[in-house]
Amino acid sequence: MKRGLTVAVAGAAILVAGLSGCSSNKSTTGSGETTTAAGTTASPGAASGPKVVIDGKDQNVTGSVVCTTAAGNVNIAIGGAATGIAAVLTDGNPPEVKSVGLGNVNGVTLGYTSGTGQGNASATKDGSHYKITGTATGVDMANPMSPVNKSFEIEVTCS
């Protein structure tokens, strides 16, 4: 079990770093929109920005939202490299959650990866609006023998 948990947390951390790194490939247009290489845009002045709640506490996530679709997956990155949130979903309706990386929350790196038996996640899609909910797992380095489980909710609109 410890090995599966370690793999899940490490995979989520790599996912967050990778997607956040990819999100820096942006160009700004004159209309105030950010366009990724894949053509997905996120308006920085949009009234309904991303919402991230972990363990019942609203997380103040700042930065852009970058959504790309490739190989049947929707990759969602929110925020920057240091505080980034990332998710990979299938592009079906309803989408299936493949992985979620929530980054470091109070000293615990939290994540979910399907197929590991650790945590759970589900997603709904309404147009370009996604809602991802579940339970992420992590390791508190102050007590590494005791896995940490925290509920999460992510709401984001890809445009």
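Any Cβ shown, glycine's included, is placed from N, Cα and C.
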Tell me which of C22, C158 Swiss-Prot records as disulfide-bonded to C67.
C158
Matching range for Swiss-Prot feature annotation, region 'Prevents bacterial uptake by a human macrophage-like cell line', among 41-60, 101-120, 121-140:
41-60
